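**Q** Handing you a structure now.
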Number of protein chains: 2
Amino acid sequence: MMKKTILVTSLACAIGLGGQLSIAEAARNEPITPIPVQDKVDAPKVELGKKLFFDPRLSKSGFLSCNSCHNLSTGGADNLPSSIGHKWQLGPINSPTVLNARFNLAQFWDGRAKDLKEQAGGPIANPGEMASTHEIAVDVLSSIPAYIAEFKAVYGDKKVNMDRVTDAIASFEETLVTPDSPFDLWLKGDDAALSEEAKAGYDLFKNKGCIACHNGTGVGGTMYQKMGTVKPYTDTKTLGRYGVTGKDADKYFFKVPLLRNIELTAPYFHDASTWDLAEAVKMMGEYQLGLKLSDEETNKIVAFLKALTGKQPQISYPVLPPSTNKTPKPDRG
Amino acid sequence: MMKKTILVTSLACAIGLGGQLSIAEAARNEPITPIPVQDKVDAPKVELGKKLFFDPRLSKSGFLSCNSCHNLSTGGADNLPSSIGHKWQLGPINSPTVLNARFNLAQFWDGRAKDLKEQAGGPIANPGEMASTHEIAVDVLSSIPAYIAEFKAVYGDKKVNMDRVTDAIASFEETLVTPDSPFDLWLKGDDAALSEEAKAGYDLFKNKGCIACHNGTGVGGTMYQKMGTVKPYTDTKTLGRYGVTGKDADKYFFKVPLLRNIELTAPYFHDASTWDLAEAVKMMGEYQLGLKLSDEETNKIVAFLKALTGKQPQISYPVLPPSTNKTPKPDRG
């Protein structure tokens, strides 16, 4: 009995190893790299960050949470031209997805936050978005014993401050990756994972020059580029990167958006000028590359883009600890 | 071997049966009954209903879902004086919790919907809430192939209509129950489940007369009562049940709210006149029973009320199918 068990185990190992080797050998050397297997995470911190991400009490009104505009049900964005903020203010720019945002070189369209942690504090205190202040946000959380206990468990003492709040939110956001898209499976060596049309679309994506900006793990997010490199773009009000650097050369420059899960995050571009992915592809050809893509070419590229939709994060919806009599009251305005 | 297995199984059965009998014997005969074990559910219908419950595309703006005001992270309500609707309209009345709502004799504060299915269609088309129309809601869902496939799987054909939409939402809502609160465990015979203070509070709850209206499985929801039975209540603008029946005798009558999870759903009463559960208890004593409850009595009753917080539903946050080029666009107004 014992002998037989060992034999079977060894055989399974051999098959497993063989399988891994053959995939490793076949893995393709491409300018887009698969989303890596998730690192080990600090589970209690991620859990705290998830609660904060979904907690509407971080907004002045008690109604808006991070998830309101970066909705994990809908590709990590809100599928609106621009987000709806406090008192129904309409934001100036399309909400970028939080999914795979860790692969961006910086956060926001203009890159004004160096990382997810720095980003997380922005909307909470932005008068047009969640419209709270960092002081009130900390007061709210500090009034809730169950939150204090979680901060203590994660950070070693009971202190609640924005450094910890944004650190926890960022830790959660870092888990929001979408591995195993058909394209990634193909990248890893599975020839059958990608349709012929999508493969042809990927070849076009490379040969026409899209890949020059949309590359890396996020298929974007690695650089800033001018919207309207070849042909001047129509929206000349939103100045992009110029707002951060003050340099004329940075006018109309934006962070190249991630194309991962792009099928899920219409409307497209910083100004949401189209809801149609095919039209978005044609516009990119025209404004960025000086190309007129045919319908056939466009459809192939769209098939490739749809193959970038990965496994969405499985989120257990958090149960938030109740407010107390000491909790500052929401103010709907 | 065979014999031994049978013996062990029989023994296990005997123990199991013995355990059940002893709990049944100990189970208390009280005017509040434990939340029953969940019936078997139609899993695909519940899953479809969950998606619809969380889908902001059922609102005109594409921003508000059922969950916006009946947030399953926060006790199935929004913890606001009244809900925020389309274009930040503030509603006329406090949002009741969806948790255990199946135990209500009818839905809404004034009971104008006979059940959860009838209720579900209301907010979608209410211009002050989700502000869509049933026609547009059906058009949106019908434009999304993955939704059509789910309707077909659940209802046998591809037809999407409001009857099915509200049926699916109601099926999901019927699963939103919160069993195994400390009080329910005590009701089922576990003496140690309830603190002495909470037991004393329950005795007061019965002896002072609260139980006359707050009884049954939901600890409320079984009748309509006048707000201000003994002492006229201050809010005389909201007419309650009168709006449904047109009878003068129904003025200021409201459905008696559920007290399950009451700790999670501040602020209190149809007009959210207090955020403080102890104050709410005192007000009920004064307006409904003509009693002045002492601080000590009030604290005991509050301890009992907090023992009504049950296990919150475990929700796997849904991933919604993407819109298509045919999907009517959201209108933020």
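Cβ atoms here come from the backbone N, Cα and C positions, even for glycine.
Just lifted these from TrEMBL, have a look:
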- A:Cys66, A:Cys69, A:His70, A:His86: heme c 1 binding site (BINDING)
- A:Cys210, A:Cys213, A:His214, A:Met284: heme c 2 binding site (BINDING)
- A:44-152: domain 'Cytochrome c' (DOMAIN)
- A:196-309: domain 'Cytochrome c' (DOMAIN)
- A:1-26: signal peptide (SIGNAL)
**Q** Find the one among the binding-site residues A:Cys66, A:Cys69, A:His86 whose C-alpha lies closest to that of A:His214 (heme c 2 binding site).
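**A** Closest recorded candidate to A:His214 (heme c 2 binding site) by Cα: A:Cys69.
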**Q** Excluding A:Cys210, A:Cys213, A:His214, A:Met284 themselves, which residues in that chain have a Cβ inside 8 Å of the centre of the Cβ atoms defining the heme c 2 site?
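**A** Sorted by sequence, the hits are A:Phe205, A:Gly209, A:Ile211, A:Ala212, A:Gly220, A:Val256, A:Leu259, A:Gln288, A:Leu289.
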**Q** Please list, for the domain 'Cytochrome c' (A:196-309), how many residues fall into helix, strand and coil according to DSSP.
**A** 50 helix, 9 strand, 55 coil
**Q** Using Cα coordinates, what distance in whole Å links A:Met284 (heme c 2 binding site) and A:His70 (heme c 1 binding site)?
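**A** Cα-Cα distance, A:Met284 (heme c 2 binding site) to A:His70 (heme c 1 binding site): 24 Å.
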**Q** Out of A:His70, A:His86, A:His214, which has the highest number of nearby Cβ atoms, where nearby means within 10 Å of its Cβ, if these are the binding-site residues?
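**A** Comparing the binding-site residues A:His70, A:His86, A:His214, the most crowded Cβ belongs to A:His214.
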**Q** Based on Cα coordinates, which of the following binding-site residues are within 10 Å of A:Cys210 (heme c 2 binding site): A:Cys66, A:Cys69, A:His70, A:His86?
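**A** Near A:Cys210 (heme c 2 binding site) by Cα: none of them.
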**Q** Counting by DSSP secondary structure, give me helix, strand and coil numbers for the domain 'Cytochrome c' (A:44-152).
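**A** Helix, strand and coil residues of the domain 'Cytochrome c' (A:44-152) number 51 helix, 4 strand, 54 coil.
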**Q** Taking the residues A:Cys66, A:Cys69, A:His70, A:His86, which the record names as binding heme c 1, find the longest CA to CA distance and state it in Å to the nearest whole number.
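**A** Among the residues the record ties to heme c 1, max Cα distance equals 15 Å.
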**Q** What is the number of other Cβ atoms found within 10 Å of the Cβ of A:Cys210 (heme c 2 binding site)?
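**A** The Cβ of A:Cys210 (heme c 2 binding site) has 26 Cβ neighbours within 10 Å.
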**Q** If one measures from the C-alpha of A:Cys69 (heme c 1 binding site) to the C-alpha of A:Cys213 (heme c 2 binding site), what distance in angstrom results, rounded to a whole number?
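**A** Given the Cα positions, A:Cys69 (heme c 1 binding site) is 26 Å from A:Cys213 (heme c 2 binding site).
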**Q** Could you state the CA-to-CA distance between A:His86 (heme c 1 binding site) and A:Cys213 (heme c 2 binding site) to the nearest Å?
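**A** Answer for this pair: 35 Å between alpha carbons.
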**Q** Output, ordered by sequence, the same-chain residues six or more apart from A:Cys66 (heme c 1 binding site) with a CB under 8 Å from its CB, or 'none'.
**A** A:Leu52, A:Phe53, A:Phe54, A:Leu58, A:Val98, A:Ala120, A:Pro123, A:Ile169
